[in-house]
Every structure is written in C-alpha cells, then in structure tokens.
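Annotated features, as they stand in TrEMBL:
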BINDING   44, 460, 514  Mg(2+) binding site
BINDING   63, 66, 508  Ni(2+) binding site
BINDING   66, 511  Fe cation binding site
C-alpha cells in the first residue's frame, strides 16, 4: 500500500518576507505543493496620495538586497511619464550600479545560501566531496564563504562611490542621475571591477571569461570540467561535480514558460563589441524599450522565443488574501486591498499570481539565458530540462556576461566625463508609466499613475511573485510549486531536496538547513512540520 504523507509544512525565512511551503508526498516523492507568502507587504497601499517623486525614496525599502533595482524601476516609470530621455552618461552610471548589485547578489546567494546545503551532514556525509564541501562552504567558517563576503563587499563600494550609499540610495532621478563622479572615483571603480574580475576568473570560474564563453553545449561543459584541475576545483567546477553526483540535474523542473523584462539598455553611443551585444534578432526590435540592451526582454516557451508584450501581464488573486475580483487584472488596473477573513476558502498566500498570456512563467537568470539565446543553456534545457542544477548554474555564471560590460562603460565614462549626466525635468505630469527591468532574481515591474503631482496608483510585481505565485483561477500552480512535484525526498526528517529546488529560484533564504519534526506517528497518513 502506498505510504501517503499529507500536510508537510516547511516555513522558510527569507529577506523579502516569510515563505511557507506545504507539500504532500507518496512513497517519498512530492505529489503536490502550495507556496504561501505569510507576510503582507502593503507598499502599494502606502504609496497612494504621496508626492510623485516619493517612490524614489520609499520603494528601494521594499528589499534591502536589491534596493537599487526597485529605485531603477521607479525612476524608469517616471522617465516614461515625464517623456524624458536620460543622457548616455546617466545610462552608464545606472547600469554600472545595477550590475554591481546583481553580481554581489549572485555570488552571495550561490556560495552563502545554495552551496551551504552541501554541508548538510545528514544528507551528504557519504558524498565523496562532502569533506571538501565542509571546508569551503560551511556557514561563517568555509574558505569560499569568507572569501566571497570580502570580495562582494568591495564590489558593492561602486554603488557608494556613484550614489553615496548602499543600500537604499536615491541618486537616480527622472532625466538622469544626481551624481557626477570625478576621474579619480571612476578610476577607483575600474580598479575594483578589475580586481573582482581577477578573483571571479581564478576562484569562481577557474578560467578566463573568454574561455567560459566558448562553452556552447553540454559536451563542451563536460570537456571543460575535465580539461584542467583549475576548472574542476573552482567554485563552478565544484558545484557541477557535487550537483551531478547528488542528482540535482534530475529534479526541479518547473513550467516551460520563461519571462524577462530586459535590462541594461545601451547608450546611444557605445563601444560594446558585437560579442557583448550578441545576436539580437529582429524578434525583439521595436517591441520594448530594452530592445537595445545587454539583457533582452522577451518570453519563451521552452527554447522558442517571442517578443515581450506587456499588455498580456495579469495578476490573479484567486488564491491570495486580497479583496476578491471578478477577473485577473493588468497592473495598471489592479488593486492591493488585503482581505483575510476567517473563511479564507482556497486562499493561502499574500503573494498574487502574476500570469503572462494566462500562463505561469519562471523568471531569473535561467530565463535571461534562454531569452538571450545563450547556446549552453538552450542545449541544457533540451537535454536535461530546467532542473535545479541548470537554474543555479545560470546564476553562478551570469557575472561572466556583466563584468566585461562594466569595464567598457567605465572606460567610456572616463573619456566622456564632460558630457551631460542629467536632462532637466521640471515636474511630473499626469500620466502612467511602467518601469520594467530584470532584477537579480528576475522580472520586476513598477506600474505608476500620477495625477496633480501625486501618485494616484502604484502596483509592484516582484520576481518572487512570479516564481512563488500560488494557484490561479484555473488551479494552475506557480513555477516553484510545479518544480517541487516529482522531487524525491530521501529523509522526511531532512527534506534537503525540497530546499535545493526552492533555493535555486533564490528567494533570499537563510544559508543553513535546520529541520524540526513536530508531529510523528507510523500511520499511512500524517501531518508534519519542518523548518528548512
């Protein structure tokens, strides 16, 4: 008789709020999952009626990890409303700060949060790399842990140099930026980037960025891994060896739909090479403001690409604790009115369910790689699927794309420092604008309406909303609810496999895995509660 276990609750702490996962299992395999955001944010509500520029100060506080991307989304919306075009130098400074924040997030998530699970003795004490994993990734002690904290702390100084502080800087304004760094400060930023790149190539990749970019398929990846000891001993190499052996390439596949809002627009005049620009096909031309950008905007079904059509975005609240609505609404028309009565029916989350063309869609580094046409990840999707391994690898190697662009734009700033950094914007007229971009964790959007110099409406969709969305009106699961289905859990006392899946989406979880079993009996059906 199959052993059915229902109601396993996994509370997960994260920086953006509190997350709780509930799963059902049969014979050690997850058969159903519910993702519940258990904290009400309310930023949209508090924005209404405030001054049109207040979002530049308030919305970076939505998240202390990616505060700069919220500032960027807010200012992009106001740029659209005011019909202002930032000068090239402002675009370069905005891009540089965003890339520094993203790279810091990618490295810290990979080393401090994801790979800390490899030191879980209950799960991996017999893994042939466990002893080495403990030396490198043990929380607060591992050599790679201490190294990445130091190196990323130095990298994030770029934002403080450009914008005065991090987090919660406000140097971006409609029409450009408020800071004009002098040549010594730009040289300091360039030195920081050069030093970080040297560390990233030697310790994280184990090779030059150019060598990594030569990898175009799985066969190339296996060849690279065995090519030199430096490759296999690097953080990426270690991750691949450990993850393949642990089977992380066999579970965690979510929806086949991927979405990217694009980011890092090119200045009108830039020396970025065709290699960095990549093969931006006509598919994206004239569809979004990010069509000339380092990270493309778009939508993908599997590896089939489509242009992004923002009007197809809807927010479904059928399973969310918000005032009931007759149908899913576009963010410009949506409301965020809390509604949590005693009779909540099928509602189980404070997170809404964003949908694109009525489809749940994964976002994040993997979505970017697919929509940008990166051949390695297209091949991995076709041969392995969007597994836990594939998703996490995309995050670890994304800096290889960003670091060269940082150097180029810093050099351009040094040669063009006498050119404008700001276009005057006298006031914010009545109107509406959508600030849409890729944050470290995926597609972020701020939809803003202004009237009489005040905010009339404000709606935010975060990357975690896409990935952690609950069921919609058609009872279709969100991306990581789907990704959990089919995952085998070896030990019910230590469901580390479920943690791997969720952490591969990067919901800002704590590093260490702790499991607490509250209720236990030997019945075929039982309820359990865990903390991961």
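Cβ from N, Cα, C; glycine included.
Here the features listed in TrEMBL are placed on the structure.
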{"residue": "44", "record": "Mg(2+) binding site", "CB count, 10 Å": "21"}
{"residue": "63", "record": "Ni(2+) binding site", "CB count, 10 Å": "25"}
{"residue": "66", "record": "Ni(2+) binding site", "CB count, 10 Å": "26"}
{"residue": "460", "record": "Mg(2+) binding site", "CB count, 10 Å": "23"}
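DSSP assigns residue 44 (Mg(2+) binding site) to a helical segment in the three-state reduction.
Between the CA atoms of residue 44 (Mg(2+) binding site) and residue 63 (Ni(2+) binding site) there is a gap of 14 Å. Secondary structure at residue 66 (Ni(2+) binding site), as computed by DSSP, is coil. Annotated pair residue 460 (Mg(2+) binding site) and residue 66 (Ni(2+) binding site), C-alpha to C-alpha distance, rounded: 14 Å.
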